[in-house]
Structure formats: structure tokens, C-alpha cells
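Database features (TrEMBL):
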- A:98-323: domain 'ABC transmembrane type-1' (DOMAIN)
- A:1-22: region 'Disordered' (REGION)
- A:38-62: transmembrane segment (TRANSMEM)
- A:92-123: transmembrane segment (TRANSMEM)
- A:135-153: transmembrane segment (TRANSMEM)
- A:189-208: transmembrane segment (TRANSMEM)
- A:261-283: transmembrane segment (TRANSMEM)
- A:303-323: transmembrane segment (TRANSMEM)
Amino acid sequence: MSESPMPTKVGPDPTVHSGPTLGGGAALPRAGRGLERLFRWFSTGAGVLVLVVIVAIAAFLITQAIPALRANQANFFTSTKWLPNDVAHPRFGIAALAYGTVLSAAIALVIAVPVALGIALFLSHYAPRRIATGLGFVIDLLAAVPSVIFGLWGRDYLSGPVTDLSGWLHRYLGFIPLFGSGGPYGNSILLGSIVLAIMVLPITTALCRDVFVQTPKANEEAALALGATRWEMIRTAVLPYGRPGIVAAVMLGLGRALGETIALAMTLGATFGVSIDLIQVGGNSIAANIANGFGEANATGRGALIASGLLLFAITLIVNVAARAIIFRRREFVGGQS
Amino acid sequence: MNMAKRVEAVDVTAYYGSFKAIDSITMTIEPKSVTALIGPSGCGKSTFLRSINRMHEVTPGAKVQGKLMIDAEDIYDPRVDVTAVRRAIGMVFQRPNPFPTMSIYDNVVAGLRLNGVRKKSTLDDAAESSLRAAHLWGEVSDRLKRPGGGLSGGQQQRLCIARAIAVEPQVLLMDEPCSALDPISTLAIEDLIGELKDRYTVVIVTHNMQQAARVSDRTAFFSIESTGDPGRLVEFDDTTKIFQNPGEKKTEDYITGRFG
Ligand SMILES: Nc1ncnc2c1ncn2[C@@H]1O[C@H](COP(=O)(O)OP(=O)(O)O)[C@@H](O)[C@H]1O
Ligand SMILES: [Mg+2]
């Protein structure tokens with residue numbers, strides 16, 4: 001990989017097309033040059049503006065959070081308590097919320113990724129074209145459903161079946177600490193994760209499908225000509241080629257799961273604790289806690305919520321940057337192939 | 001172990017959807033020989049070659065009629081397992097297509113692994129002997145774990161040849177294997193083809209008539225009447241005969257450059 005030639009062109013380079021290709025490099029007419037300069041200023045300005053907005057948001061959040069963090073009588077990073085509205089002794093910590101955020105997102109991915117890979121492979125390599133188009137459309141529709149609908153559906157419809165499932169898991173797999181609780185069941189990490197899984201499924205599926213259909217025909221034929229079955233061809237040619245893309249798709253799904261607010265606010269138990277148990281009523285996440293708590297919060301309480309939001313912002317930023325870095329690496333790698 | 005086999009096409013007709021690309025090709029390819037398929041572009045050389053290992057049907061809507069016997073076994077018999085056919089017939093493509101994410105070593109043994117071979121010593125031996133047979137061993141023996149995509153075009157094509165012969169195929173098909181390569185790599189591969197015929201039945205498509213004359217024992221000339229017509233086999237004979245004293249006027253016109 002490392003010694004394959006890098007692609008020379010990555011994106012449109014404004015300098016390449018700045019003059020006419022015919023006519024021996026004659027200058028553009030004045031109007032054309034002015035327009036181009038205007039456009040360059042405009043696009044640079046837009047880019048700078050985005051940065052300014054992000055910095056302004058971060059600065060605002062930090063100034064809002066600092067007084068609350070000063071007043072905090074517990075350790076913000078290690079405490080599992082969330083009592084910022086206690087006027088005499090405000091104390092709050094992010095530990096339980098961050099734990100719940102990461103745990104629910106992780107479980108959601110454990111459920112969603114195999115399903116997404118299966119559907120994506122079906123769409124790219126198994127289904128007849130008409131079915132693939134139809135099913136692809138349905139998946140894209142799923143991505144357009146607002147998360148509050150998923151939340152309502154999870155809370156009012158899915159919690160019954162998940163309660164039954166929890167009992168079943170405890171009866172047969174109760175020796176695993178994940179399913180150790182004897183009840184009560186219902187609004188739990190399991191329910192929240194299942195809803196989250198359904199929500200991250202469309203984007204992960206769509207990205208994986210796009211990666212899989214890009215597998216070079218030449219590589220697929222190389223595998224088939226060696227006598228590979230379709231599944232063996234997928235294992236030798238499609239999956240290895242798509243691995244960076246799969247990782248990126250999973251990370252983008254993870255970004256969505258980490259930031260999801262309202263659906264988790266409606267399906268998690270909103271307790272403050274750190275437990276490995278998935279099925280007992282409980283669980284919380286940073287975003288869900290903000291949605292649940294902002295209404296009744298006093299000034300310190302709002303500051304505490306904003307501080308938690310900042311941490312979430314940092315986590316999702318890291319995840320997204322990592323995903324993009326992987327996608328970018330893959331682009332170089334594919335460019336080096338041709 | 002020597003398993004070169006005879007290929008016998010009887011009335012092979014191939015379609016892309018409703019378009020008939022080749023019509024009633026009948027010819028017998030002897031084991032341990034090199035047979036060249038020549039003819040103007042679009043006359044169905046690749047299509048015929050790909051019908052010999054049932055790769056033609058990989059294209060959606062494509063189908064083959066007629067009989068294709070590999071040592072008296074019809075590979076288009078419905079009871080035949082298509083993957084078994086492809087395992088027994090190696091193929092080298094026009095553009096080198098090593099698996100980009102695999103190392104040189106993994107590329108060579110990919111076919112063996114698909115056959116279920118797991119034993120390291122067997123894989124090591126096969127990798128070395130195939131790379132030696134493909135005249136690549138000397139250049140890559142110290143970097144077997146490096147990606148195959150880092151090799152030059154000619155080296156990649158020899159890697160693909162090593163990958164194809166690692167499974168000891170009965171027949172080796174090559175579709176213009178040198179058309180994307182520089183003259184030195186081309187010569188290296190032509191030498192290699194001369195050696196491969198001691199062990200395999202080699203069928204090579206080429207648009208380069210000097211190449212056909214240099215490497216093949218027998219030459220088949222394909223042609224089409226006009227665009228849209230199916231390709232047909234015009235003449236099939238010893239290479240020396242085709243190039244020195246062709247039996248058909250069309251062949252002579254093509255060989256002498258008056259057509260095509
Ligand atoms: N995938 C395909 N779909 C439809 N038509 C094809 C396809 N591949 C080849 N053909 C057509 O079949 C005919 C024979 O093609 P091919 O076997 O590639 O010729 P050659 O290898 O002799 O140049 C040509 O008319 C070509 O346009
Ligand atoms: Mg061809």
C-alpha cells in the first residue's frame with residue numbers, strides 16, 4: 001500500500017483551470033478574472049465563517065460551563081452523582097452519563113453492524129437489481145424518520161417485547177453479568193440500544209453498500225476465475241477491499257449513536273449509576289440527560305448540563321475526525337490502485 | 001503431477017442478452033500446446049475464451065449454448081459444479097489484477113486457500129514453485145509479505161500467472177496478457193508461455209500477430225462480417241500454415257494487414 005503511487009489530483013484545483021487551454025495561454029477577459037476572484041473570496045469567506053461559528057459556539061459553551069464547574073463540589077470526571085440543582089451543595093459528575101452514552105452506542109453497534117453488513121452485501125451482490133433498488137429506497141426512507149418517532153415507538157410499542165426478551169435472556173443467559181438482573185425490566189440500556197441500532201442502520205447500510213458496489217470488477221473476476229463461490233469471492237475481493245470503508249461507516253454510525261438525544265431520553269431509564277447490566281430499568285446518556293433535565297435546571301444546573309454537552313461534543317468530534325481520516329486514507333489507497 | 005487436458009468446443013454460441021457475440025464455434029485444442037486466438041477487435045475472442053471456463057456467464061444476461069468438453073466432460077452439463085470448472089482452468093486477464101489488499105504471498109496461494117489448503121509447508125512450497133515458474137521468484141523472494149499492488153505492471157502480470165498456476169490447472173487461458181505491458185515484460189511473459197506449454201494446455205488471445213507467430217503452435221482466426229454480426233471461426237490450423245500459407249482469403253487479408 002505504502003509504495004503505490006499517490007494520486008496526483010485529489011480535488012478541483014482552481015489554478016489548473018484559471019486560463020483557457022487553447023490560444024497559447026492568453027489572459028482571460030477582465031470580467032472573467034473578476035468573477036473568479038470574487039468566487040475565491042466568497043468560498044474562502046464561507047470556510048472561515050464556519051470556523052468562526054464553531055469557535056464562537058465553543059467559547060459560549062465554555063463561558064456558560066465555567067461557573068457551574070467552579071461551584072461543583074464533586075469531581076466532574078469521576079463522580080456518578082448528578083445534583084447540580086442543589087443550591088447549597090451542587091455536585092455533579094459525568095461518569096455515569098458518559099458510561100451510559102458509550103455503552104448504549106456500543107451495544108447499538110454490536111446489534112446494527114452485522115445486520116447492516118448483511119443487508120449491504122445483499123443489496124450489492126445478491127439481490128436482483130429491482131429488489132435492490134426498492135429495498136435501498138426503503139432503507140433511505142428509514143433514515144428520514146425523525147428520531148422522536150423512533151423514541152415514541154420504542155417507548156410505547158417496543159418496550160413490551162423487550163421486557164419479554166429481557167426475562168428470557170435472564171432465564172437462559174442470566175449467568176452472564178450483562179443479563180444478571182431479575183427485574184424490573186422495560187426502559188433499559190437494552191431497549192435504548194435496540195432503538196439506536198435501528199436508527200444507525202440506514203446510514204451504516206447505505207455507506208457499506210456504496211463501498212461494496214465500488215469493488216473493482218477485475219478483482220471480483222479474479223476471485224471467481226480461481227473457482228470462488230459468491231461468498232468466497234466476497235471474502236477474498238469485496239470485504240478486504242471495502243474494509244476501510246466499513247470502518248468509516250461504522251464510525252459515522254457511532255457518531256450518530258453518541259449524539260442521539262430524544263429517542264434515548266424516551267427509552268432509557270434515566271438513572272445515575274454505572275452498571276454492566278443491560279436489562280434492568282436504568283441507563284442514561286449525556287444527550288438524553290440534557291433533554292430530560294434542561295427544563296427544571298437552575299443556573300448551575302444549566303451550566304452543568306452545558307459542561308456535559310461539551311464533553312459529548314469532544315467525543316463525537318474525535319469519532320468523526322477518526323472516521324474522516326480513515327475515509328481519506330482509503331481514497332489514496334484506491335487512487336494508487338488504478 | 002501433470003494434468004494438461006484437451007479442450008473441445010462443439011457449436012459454442014454465446015450471447016450477451018439477445019445479442020449473439022459468437023456463433024457455432026467448433027474447434028479442438030490439444031493438450032500441452034499453445035493455441036493463439038487472433039482476429040479484429042470485437043470478433044468474440046474474449047467471449048470464446050471466457051466460455052471455456054464459464055466466466056462468460058458472470059456477466060448479467062450472458063449465456064452459452066453448445067458443448068464444451070474438457071477431456072470428454074461437458075462443462076456445461078447442468079450437473080457440473082461451475083466452481084470446480086473454474087478451479088481446474090486458470091485464467092490470466094488483460095489488465096493485471098492481483099488482489100490489492102493481499103501480500104504477494106497471499107495472492108499466489110489465494111487459489112489454494114480457496115481449495116481448502118491450510119498447511120503452511122504446502123502453501124510455502126506452492127508459492128515458491130509457482131513464483132519460480134512465473135519467473136518472479138528472484139525479484140520478490142525477499143518481500144513476499146509486501147502488497148502485490150506495489151509491483152510494476154509486468155511483475156503484477158507474472159504474479160497473476162503465478163496465482164493461476166499455483167492450483168495446477170489443466171488448462172491456462174490468457175486474454176491479451178501483454179497488452180498493458182512494456183516490451184521487456186512482454187518478452188519475459190512470452191518466454192514463460194513457451195515453458196508453460198510443457199505442463200499446461202495454453203490458450204492465448206492476442207491482437208499482436210508477431211506474438212501469435214512467436215508463441216503459438218496453432219492459431220485460430222476469428223472474424224465478423226460487419227459490426228453487429230456474431231464472431232465466427234474462419235480458420236484454425238498450425239501457426240506456420242496460418243502465417244505462411246493461409247487457406248482462406250480472409251485470413252490472408254488479415255495477416256497481411258489488408259483488413260482489421
Ligand atoms: N459485457 C458485454 N455486454 C454486451 N456486449 C458485449 C460485452 N462484452 C463484449 N460484448 C460484445 O461482444 C462482441 C465480442 O466481444 P469480445 O469477445 O470482447 O471481442 P474481442 O475480445 O475479440 O475484442 C463485441 O461486439 C462486443 O461489443
Ligand atoms: Mg478482447
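Using N, Cα and C of the backbone, Cβ positions are placed for all residues, glycine too.
All TrEMBL annotations are machine predictions without curation.
These figures come from a predicted structure and were not determined experimentally.
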- Task: Give residue numbers and ranges for long-range contacts of the transmembrane segment (A:303-323): same chain, 6 or more residues beyond its ends, CB-CB under 8 A.
- Result: 58, 61-62, 64-69, 71-72, 76, 82, 84, 90, 92, 94, 97-98, 101-102, 247-248, 251-252, 254-255, 258-259, 286-287, 289-290, 293-294, 297
- Looking only at residues six or more beyond either end of the transmembrane segment (A:92-123), which have a C-beta under 8 A from one in the stretch? 72, 74-84, 132, 135-136, 139, 189-190, 192-194, 196-201, 204-206, 208-209, 211-212, 234, 238, 246, 249-250, 253-254, 257-258, 264, 268, 272-274, 278, 283-287, 289, 304, 307-308, 311-312, 315
- Item | Residue numbers, six or more beyond the limits of the transmembrane segment (A:189-208), whose CB comes under 8 Å of its CB atoms | 100, 103-105, 107-109, 111-113, 115-117, 119-121, 123, 136, 139-140, 142-143, 147, 150-151, 153-154, 158-159, 162, 165-166, 242, 245-246, 248-250, 252-254, 256-257, 260, 263-264, 267-268, 277-279, 282-283, 285
- Could you tell me whether the transmembrane segment (A:261-283) and the transmembrane segment (A:135-153) are in contact, taking contact to mean 3+ Cβ pairs under 8 Å with a sequence separation of 6 or more? yes
